[in-house]
Amino acid sequence: MQSGAQVTSLSDDKKLARYNRFLLLVAGLGGLLYGIDVGIVGGAVPYLEATSHLSPGELSIIVAAVLLGSVFSTLFAGILADWMGRKPLMIVSGVAFTVSIPVIALSQSYSALFFGRLLQGMSGGLVGVVIPLYLAECLSADKRGRGTAVFQWMLTLGIFAAAIIGVLVSYHVDSVARIGSADAIFQVKDHAWRSIFWMSMPPGILFVITSFFISESPRWLFRRGKQDQAHAALLRSRTADQAALELREMGDIASEAASKTTSHGRREPLFQRRFILPFLLACVILSCNTATGINSIVGFNTNILISSGLSDVQAHWGYVLFTMMNFLFTTVGMTLVDKKGRKFLFLLGTSGIIVSLSVAALLFMRSEKNRVDVAAAVQPLVTSDQKLTFHMDEQATRSLSVTPTGAQSLWIVYSYGDFTGSTIPVTLGDSASAVDVNRGAALPGGKVQAFFQNPFADLDAARTAPLHIDHAFVQPIPSAANGWLMAICLYLFVAFYATGPGVCVWLALSELMPTRIRSNGMSIALVLNQLVSTTLAAVFLPVVGKHGYSSMFFVFVGCTVVYFLTVLLFLPETKGKTLEEIEKHFETA
């Protein structure tokens, strides 16, 4: 028979477990919103393009507005998190996401669409900072790894769900298109893109509601001098002994900082080893994480698969499988992170990325070594209004002076001034395939989008610059077997990424930063990460156009080698350590 003390202890344990599960649910919903932010527009763009009467430049700005909003809000997320608190900022981010949906879905103008997407991006930027920050400060050391991994897990679920929604909606649209009138097709496409956005609203509402029922970060409360409230917040997620220990460690850190305050009452300077080392390490890890090529491989996934030999339909289903692998192996990483440790998963993941991308690069090298540049034959086909339009029939193929050697594709890299673009590969001799290059589709619609596409380019000069054909590569079309080999390489890549860096990078970002600089340090690191991402996006097509996919993949391999060595040589294992213990490590390192 159990004593009263044992019954009370069991009851307390159940309360703690229940609250920790609820905390992870709320954080997971935040990750889901972030994933939807990233993935939802891909399925909506074809129908938005067909029904909104937007110019190509305006449509590009609508797509890029999320990035603009995210960069802007990330800059100030740390300041806001320190000023408002973590919990209020979570609520604000959820409200911003929820409000953005009806603004987008009910929009009848370009300005409303732009504002809605901008607001959605701002929400994503806030979520990307405040959720990992909140989890790191609220969860106990033994639960922090898996807990923070839930954010990435739900993020990948959001991307996967967005891909599935896009595919399902496309089947419905195709069924109407086969039997419907032009007006009916227009209506169903207009309804399709609006429905895709409406479907993403329920998680936003649920995130806002549930955020009201969680405690504020105990470490934020302690820094504000609210020790009793900090202790109460700790008691909701760990035992009384653990709460007392962590509260005492917070006090020790605060006392040590106070003892280092100057005689003029100034706080200790930030340019110290214990602040600079973890900040730089987190920045390098986050930048290298992007430099693995994850965003480029996600963004150009179907293009990569088509170029390697898969059909259009196969490539789109290949992308759905890619997002599913990302989700499934994030689950694997989430279960291992508190058992095997962060450093082990980082090293495992980066090793696998190096091998899988190296094989992918070699596969592309095999087909790209036989390509021929026929830019000299294509340049005369540019019209006086600086356009290039022709169907790939037999006559066009002969005009390129290409010797038929089986199935071949043409891939054109072109430029208007400083802005470079490329066509998708088209099959020679296929009259249904066409090349269409025009200034409106090639150039960004405004200065803001131009900056994110190429910060060093002159948009005004590009608007009057002639169309120049930089390269026009004709190369054998790889077999479908080659395409599926490439798909397997990409699946292995994302499996290793999701198991290691994908799960652990958010932990590294939030765990390494000392309490005093954590929120602002995370903001700066994430802005740096977005700059790296933007730079890679700007150079991806030009490098691929000039040197081939293999060269870009080898660049990713080189960056991942740097990633591996940084983790191996400089990253301490943080599994099972409190944030205060991690902070003390860098004082004595």
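Every residue, even glycine, has its Cβ placed from backbone N, Cα and C.
TrEMBL labels come from automatic prediction, so no person has curated them.
If you check TrEMBL, you get these features:
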type     : residues : note
DOMAIN   : 23-575   : domain 'Major facilitator superfamily (MFS) profile'
TRANSMEM : 22-47    : transmembrane segment
TRANSMEM : 59-81    : transmembrane segment
TRANSMEM : 88-106   : transmembrane segment
TRANSMEM : 118-136  : transmembrane segment
TRANSMEM : 148-173  : transmembrane segment
TRANSMEM : 193-214  : transmembrane segment
TRANSMEM : 275-297  : transmembrane segment
TRANSMEM : 317-337  : transmembrane segment
TRANSMEM : 344-365  : transmembrane segment
TRANSMEM : 484-509  : transmembrane segment
TRANSMEM : 521-543  : transmembrane segment
TRANSMEM : 549-571  : transmembrane segment
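Distant neighbours of the transmembrane segment (317-337): 39, 145-146, 149-150, 152-153, 156-157, 159-160, 163-164, 167, 298, 301-302, 305, 310, 345, 349, 487, 490-491, 494-500, 502-504, 507, 575; these residues of the same chain sit at least 6 beyond its ends, with a Cβ under 8 Å from one of its Cβ atoms. Residues 281, 284-285, 288-289, 291-293, 296, 304, 307, 342-343, 346-347, 350-351, 353-354, 357-358, 360-362, 364-365, 368, 501, 508, 540, 543 of the same chain lie 6 or more positions beyond the ends of the transmembrane segment (549-571) yet place their CB under 8 Å from a CB of it. Beyond the ends of the transmembrane segment (118-136), by six or more residues, the same chain brings 23, 27, 30-31, 33-34, 37-38, 65-74, 77-78, 80-81, 86-87, 89-90, 92-94, 96-97, 99-101, 103-104, 144, 147-148, 150-151, 217, 506-507, 509-511, 518-519, 522-523, 526, 579 to within a C-beta distance below 8 angstroms of the stretch. A contact between the transmembrane segment (59-81) and the transmembrane segment (521-543) is present, since 3 or more of their C-beta pairs, 6 or more residues apart, lie under 8 Å. Non-local neighbours of the transmembrane segment (22-47) in the same chain are 59, 62-63, 66, 70, 90, 93-94, 97, 117, 120-121, 123-124, 127-128, 130-131, 134-135, 138-139, 147-148, 150-163, 165-167, 169-170, 173, 189-190, 192-193, 196-197, 200, 203-204, 206-207, 210-211, 213-214, 237, 323; each lies 6+ residues outside the stretch with a CB under 8 Å from one of its CB atoms.
Remote same-chain partners of the transmembrane segment (521-543), defined as residues 6 or more beyond its termini with a Cβ less than 8 Å from a stretch Cβ, comprise 67, 70-71, 74-79, 125, 128-129, 132-133, 279, 282-283, 286-287, 289-291, 293, 295-296, 299-300, 413, 420-422, 452-455, 509-510, 513, 551-552, 555. When each of the listed stretches 148-173, 193-214, 484-509 is scored by C-beta pairs under 8 angstroms to the transmembrane segment (275-297), 484-509 comes out highest. Averaged across the domain 'Major facilitator superfamily (MFS) profile' (23-575), pLDDT for the predicted model comes to 83.
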